[in-house]
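Per Swiss-Prot, the features are as follows:
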- 63-73: compositional bias 'Pro residues' (COMPBIAS)
- CYS83, CYS86: metal cation 1 binding site (BINDING)
- 170-234: domain 'HMA 2' (DOMAIN)
- CYS181, CYS184: metal cation 2 binding site (BINDING)
- CYS352: cysteine methyl ester (MOD_RES)
Amino acid sequence: MGEEEKKPEAAEEKKMEEKKPEEKKEGEDKKVDAEKKGEDSDKKPQEGESNKDSKEDSAPAAPEAPAPPPPPQEVVLKVYMHCEGCARKVRRCLKGFEGVEDVMTDCKTGKVVVKGEKADPLKVLARVQRKTHRQVQLLSPIPPPPPPPEKKAEEDKPIVEEKKVEPPVVVTVVLKVHMHCEACATEIKKRIMRMKGVESAESDLKSSQVTVKGVFEPQKLVEYVYKRTGKHAAIMKIDPPPPPPPEEAAAAAEGEKKEEEKGEGESKGEEGKDDKAKTDEEKKEGDGGKGEGEAADNGGGEEEGKVVEVRKIENPYYYYYYQPPRVAIPPMEMPPHAYPPQLFSDENPNACTVM
């Protein structure tokens with residue numbers, strides 16, 4: 001019995017020993033919290049005292065007066081004004097302009113003073129220059145210099161390959177122009193020399209030809225001559241001849257190649273075609289005789305049956321009469337007036353003599 005009573009007592013002692021270190025830790029934590037609260041409470045009265053001192057120092061200071069507004073910006077321009085009317089015109093064009101509050105002009109010195117905080121000097125300058133049509137200078141404020149150009153933009157631009165420009169070809173053109181006198185030849189030569197690109201022009205009155213030398217298109221020269229002189233011109237000769245365009249030159253080269261290939265193929269196939277050609281000729285001769293006979297039979301009849309009407313006589317009589325005037329009612333045909341009968345005429349020796 002004694003041992004059983006000792007066992008629960010030993011278990012209780014162990015529990016008490018385990019609780020003691022936990023209680024010690026809790027006590028230490030409480031002490032640390034209390035110390036922190038004490039420090040905070042000490043700081044608060046110090047801050048309050050400092051705030052009170054600052055309020056006491058600021059209280060006796062007098063309130064500061066508000067700063068005066070800055071004067072409005074002045075724009076000074078130089079404009080030529082020879083009378084009060086010019087000055088009035090300048091003031092009127094700037095009155096009510098954006099940002100302008102007041103305008104003062106001085107005709108003697110030629111200065112215009114524009115007051116306004118939001119007035120843009122460059123816009124005011126452009127306004128006066130546009131309205132007065134005079135040269136205007138901006139004396140103040142001096143506009144800032146333009147920013148330097150960005151080098152990056154130049155670097156970013158793609159490099160363009162320079163195309164080789166071929167030198168212009170000097171062309172000599174002979175034109176056929178009708179000229180009936182020396183004045184015509186001189187006038188045509190003078191007009192042609194005014195065309196751009198023409199170096200020289202020579203006119204020949206006997207052959208009615210004009211020789212033109214220079215850098216130009218022959219077709220445009222013909223159009224220019226007709227436009228300036230009213231005379232039709234024809235191109236007789238071009239020296240040197242103009243080169244064909246690239247598309248036509250390529251097509252011509254391809255055509256030459258095809259012709260060469262065809263020539264080689266034809267030379268190979270000529271031997272085989274000789275026999276066929278002979279047989280074809282014999283057949284054609286046989287068919288040709290029949291065709292000629294049929295053509296003779298049919299063609300002869302057609303030629304005989306054709307009647308060519310040279311002139312058709314509308315009026316069967318051999319005399320004429322005046323046409324009636326045009327009226328709304330269709331005209332009536334008048335009976336034709338015949339010649340008097342010659343049967344009983346005294347002038348006709350072959351007339352009847354039995355009277």
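Heads up, the Cβ atoms here are built off N, Cα and C, so glycines get one too.
Projection of Swiss-Prot feature records onto the structure.
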| residue | record | DSSP (3 states) |
| --- | --- | --- |
| CYS83 | metal cation 1 binding site | coil |
| CYS181 | metal cation 2 binding site | coil |
| CYS352 | cysteine methyl ester | coil |
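Other C-beta atoms found within 10 angstroms of the C-beta of CYS352 (cysteine methyl ester) number 9, with every protein chain shown included. Across the structure, CYS83 (metal cation 1 binding site) and CYS352 (cysteine methyl ester) place their CA atoms 121 angstrom apart.
Long-range Cβ contacts of CYS86 (metal cation 1 binding site) within its own chain (separation 6+, distance under 8 Å): VAL79, TYR80, CYS107, THR132. Residue counts for the domain 'HMA 2' (170-234) by DSSP state, with H, G and I taken as helix and E and B as strand, are 24 helix, 22 strand, 19 coil. The Cβ of CYS181 (metal cation 2 binding site) lies under 8 Å from the Cβ of LEU205, each on the same chain and at least six residues away in sequence. Comparing the binding-site residues CYS83, CYS184 by how many other C-beta atoms lie within 10 angstroms of each C-beta, the top residue is CYS184. If you take the Cα of the residue listed as 'cysteine methyl ester' and the Cα of CYS184 (metal cation 2 binding site), they are about 77 angstrom apart, rounded to a whole number.
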